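All remarks here apply to the structure that follows.
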Amino acid sequence: MANQAGRSSTAQERLSQVSDHLSGRGGRRGKRSLLEKHPDDIVVTCALRTPITKGGKGGFKDTAAADLLHGAFRALIERSGIDPKLVEDIAVGAVLAPGGGATEFRAAALAAGFPTSTACKSLNRQCSSGLQACVDIANQIKAGMIEIGVGAGAESMSQQYGPQAVTEFSELLENYKEAANCKVPMGVLSEQMAKDKKIPRSEQDKFAASSFHKAVEAQKKGLFDEEIAPLTVKWTDPKTDEEKTITVSRDDGVREGITAESLGKIRPAFAKDGSIHAGNASQISDGAAAVLLMKRSTAQRLGQKIIGKFVQASVVGVPPLLMGVGPAAAIPVVLEKTELDKNEVDIYEINEAFASQCLYCINELGLDINKVNPKGGAIAFGHPLGVTGARQVSTLLTELRRTGKNIGVTSMCVGTGMGMAAVWVAE
């Protein structure tokens, strides 16, 4: 009992500290410290992504995840000018690939020009896999295990998404309630969460329409161009079965003319009286992303252009049936770790798994909605599961630098009930 009381007291103190930061009462030394530059900072010298395309019918529907990753690797080497022999390890986030993609991702690295001395691994923390890959590499550099590494993500939902991606549970797991809750489909549990948290469909549709509008405007202005590496791939025309060679250079899920009213006409997907549908949830998509990381001293020695730095990350667990609240739980923790006030963050990239959960997190944290996903999000251009966390880094740093701002946070909810967040600084 004494131990339990001690744990409860510690939890209360932690919540109090987090509350202080969210309310602005916490120390404000964080921002000044983050803007300082030190030789052992973990910096980003290149961050890019492929276009994100519609699952099953977009430009990458016939392209394997490893081939998308190969394209991202080739672009990373070319744009950064890094000698591939200097890259010691690569971590690739992937959710759906058989065997975690470990074999073909290593093959993709070799085919892209990395030597046999460059190690490669795949990892799966569901929707935060791409971010976890970047954080793993950053922490390896911090620990002195490696000097230079790449955090990446790759996913072909066209080829690998479906019933086969769902794991069958043993009787042991099925008989434990919270364990069994881990396999409740995300759409179903997000529908229930929207009801429990009283987030009306009208607000979800308004948020989703805004995501499309922002993405359309950003695409028209070329605001994605710097972060996107176009890929030339084979594509089979579904109408004629003719195989063509096409170059994909833009996100093809972005659609003009979407309004809250037009979204309001779409039939609910998970319940007759539900609020979640194809228009206010993230799109099934294909893509890849890659981020090159090293110490500042290493970048300066090699003449690498520094575009930003990794500061800190957090990962938390939440009840499986409340999966969508993950960012609301993870963001306060990383703000506490970095002694940042929520208002000192210039841009929040929060994954739009569902409009309902993203809205809840924004409202729960009291964030300025104008700082959230300024170029739109996964509702508008898609959420290739293992890619999003790495994709957000390129989107965030590009927009921070374009607007002359500094501090950003990337975050997402995670299947089975988790949340992850990270703080980045643009230079």
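Using the three backbone atoms N, Cα and C, a Cβ is placed for every residue, glycine included.
As the structure is a computational prediction, the values presented were derived from the model and not from experiment.
These come from TrEMBL:
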- C127: active site, acyl-thioester intermediate (ACT_SITE)
- H383: active site, proton acceptor (ACT_SITE)
- C413: active site, proton acceptor (ACT_SITE)
- 1-20: compositional bias 'Polar residues' (COMPBIAS)
- 42-297: domain 'Thiolase N-terminal' (DOMAIN)
- 305-423: domain 'Thiolase C-terminal' (DOMAIN)
- 1-34: region 'Disordered' (REGION)
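What TrEMBL annotates, mapped onto the structure for a quick look.
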residue : record                                   : Cβ neighbours (10 Å)
C127    : active site, acyl-thioester intermediate : 29
H383    : active site, proton acceptor             : 26
C413    : active site, proton acceptor             : 32
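Distance from the CA of C413 (active site, proton acceptor) to the CA of H383 (active site, proton acceptor) is 12 Å. Note: the CA-CA distance between C127 (active site, acyl-thioester intermediate) and C413 (active site, proton acceptor) rounds to 7 Å. Predicted-model confidence for the domain 'Thiolase C-terminal' (305-423) is 97, expressed as mean pLDDT.
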